[in-house]
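S.K.: Okay, here's the structure, questions in a sec.
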Amino acid sequence: MSATSIQPLLDILFLGKALTREQTASLFSTLIQGEMNEAVMAAMLMALKIRGETIAEISGAADAMRAAAKPFPYPASSRSQGIIDIVGTGGDGFNTINISTTAAFVAAAAGAKVAKHGNRSVSSKSGSSDLLAQFGIDLTMSPELASRCLESLNLCFLFAPHYHGGVKHAVPVRQALKTRTLFNVLGPLINPARPEFMLLGVYSPELVTPIARVLQALGTQRAMVVHGSGLDEVALHGSTQVAELKDGEIIEYQLTPADFGVPQAQISELEGGEPAQNAQITQSILQGQGSDAHTHAVAINAGCALYLCGLSDSVKAGTALALNTIKSGKAFELLNQLAKVSSEAQE
């Protein structure tokens with residue numbers, strides 16, 4: 001859309017009124033095509049933020065980003081089983097170990113098909129992509145190779161900038177604004193594999209139910225949107241607020257570590273470090289040699305994923321399956337297999 005054709009939509013925003021899903025998609029399409037100047041972009045993002053983004057607006061922005069993404073060739077057998085993403089918005093302010101990334105290896109080794117959409121760090125010193133790079137896993141693996149990994153190994157990692165090139169147009173504005181905008185919640189919603197199932201952690205308890213409604217609007221089959229006592233994942237150090245999407249309905253409840261059959265730990269026990277240190281921690285967990293707190297934090301998140309995929313009938317059973325999978329060594333074996341496939345492709 002040209003500057004003149006988006007002006008009526010901007011005028012609606014500047015009056016403090018909400019846009020429709022389609023109108024928001026039009027604005028974000030213009031942005032990611034590089035056809036929106038930075039002053040307009042900043043004004044648009046702040047107008048949305050100050051009023052508060054609606055479900056329709058978040059869904060519309062996600063529609064535009066999904067439509068513009070580099071295609072992912074979805075493997076047939078994975079489609080019949082269904083794919084899950086275990087992902088967080090980041091930005092929770094805690095520098096924890098890489099819980100969701102490590103949980104992805106465990107869930108995949110236990111039988112789930114995991115397509116993890118990730119980026120470099122937002123709130124910690126080490127995001128999922130920072131961690132994977134430590135293991136020699138190629139972040140810019142072709143979509144075709146990633147699809148083959150999903151098919152044969154049950155796991156692939158999709159590096160967000162590799163699939164969403166248009167986001168680069170927003171980077172200078174986001175850096176200049178130095179505040180959260182709609183982009184902070186979009187990342188988990190725009191996985192190019194379009195997973196049927198999602199375990200999605202959010203940085204604020206106020207986002208739990210709205211983001212579940214967005215997933216509902218986007219056609220996600222089953223999901224748990226979680227905020228765990230300050231963390232954008234299921235908490236081992238306190239209660240977790242959940243909005244679960246199942247059979248088209250959203251139910252809200254709380255979970256505690258006891259619901260997973262594991263003891264509570266202190267948040268300080270989950271503190272992470274630089275990528276190299278976090279890689280060592282992940283390796284220890286997957287080898288069955290991690291601390292109880294590290295292992296349990298990963299297992300309860302993997303357990304929720306296994307529950308959502310239908311591989312266990314409760315989060316407690318899912319956690320037990322995750323712990324057994326770690327003990328078996330299968331998750332560590334999977335890490336080595338993925339690194340091997342990645343390095344062979346780079347030769």
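The backbone N, Cα and C atoms fix where each Cβ goes, glycine too.
From Swiss-Prot, for reference:
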| type | residues | note |
| --- | --- | --- |
| BINDING | GLY88, ASN119 | anthranilate 1 binding site |
| BINDING | GLY88, 91-92, THR96, 98-101, 116-124, SER128 | 5-phospho-alpha-D-ribose 1-diphosphate binding site |
| BINDING | SER100, GLU233 | Mg(2+) 1 binding site |
| BINDING | ARG174 | anthranilate 2 binding site |
| BINDING | ASP232, GLU233 | Mg(2+) 2 binding site |
S.K.: If we check Cα distances from GLU233 (Mg(2+) 1 binding site), which of the binding-site residues GLY88, HIS117, ASN119, ARG174 wins as closest?
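M.R.: Smallest Cα separation from GLU233 (Mg(2+) 1 binding site) among GLY88, HIS117, ASN119, ARG174: GLY88.
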S.K.: Helix, strand or coil at ARG174 (anthranilate 2 binding site), per DSSP?
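M.R.: ARG174 (anthranilate 2 binding site) sits in a helix per DSSP.
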S.K.: Between HIS117 (5-phospho-alpha-D-ribose 1-diphosphate binding site) and GLY88 (anthranilate 1 binding site), how many Å separate their Cα atoms?
M.R.: 10
S.K.: Just the number: how many Å between the Cα atoms of THR96 (5-phospho-alpha-D-ribose 1-diphosphate binding site) and ASP232 (Mg(2+) 2 binding site)?
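M.R.: Per the Cα atoms, THR96 (5-phospho-alpha-D-ribose 1-diphosphate binding site) and ASP232 (Mg(2+) 2 binding site) stand 10 Å apart.
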S.K.: Would you mind reading off the Cα separation of GLY88 (anthranilate 1 binding site) from ASP232 (Mg(2+) 2 binding site), to the nearest angstrom?
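M.R.: ASP232 (Mg(2+) 2 binding site) has its Cα 6 Å from the Cα of GLY88 (anthranilate 1 binding site).
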S.K.: With every protein chain in view, how many other Cβ atoms are within 10 Å of the Cβ of ASP232 (Mg(2+) 2 binding site)?
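M.R.: Cβ-Cβ neighbours of ASP232 (Mg(2+) 2 binding site) within 10 Å number 27.
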S.K.: I'd like to know which of the binding-site residues THR96, SER100, ASN119 has the most other Cβ atoms within 10 Å of its Cβ.
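M.R.: Result of the Cβ crowding comparison: SER100.
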S.K.: Which of these binding-site residues has the least crowded Cβ, counting other Cβ atoms within 10 Å: HIS117, ARG174?
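M.R.: With the binding-site residues HIS117, ARG174, fewest surrounding Cβ atoms within 10 Å: ARG174.
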S.K.: Measure from the Cβ of GLU233 (Mg(2+) 1 binding site) and count the other Cβ atoms within 10 Å, all protein chains considered.
M.R.: 28
S.K.: For ARG174 (anthranilate 2 binding site) and SER100 (5-phospho-alpha-D-ribose 1-diphosphate binding site), what Cα-Cα distance in Å is obtained after rounding to a whole number?
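M.R.: Cα of ARG174 (anthranilate 2 binding site) to Cα of SER100 (5-phospho-alpha-D-ribose 1-diphosphate binding site) measures 25 Å after rounding.
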S.K.: Ten-angstrom check, please: count other Cβ atoms within 10 Å of the Cβ of GLY88 (anthranilate 1 binding site), all chains counted.
M.R.: 29
S.K.: Measuring Cα to Cα, how far is ASN119 (anthranilate 1 binding site) from SER100 (5-phospho-alpha-D-ribose 1-diphosphate binding site) in Å?
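M.R.: With the alpha carbons as reference points, the distance is 12 Å.
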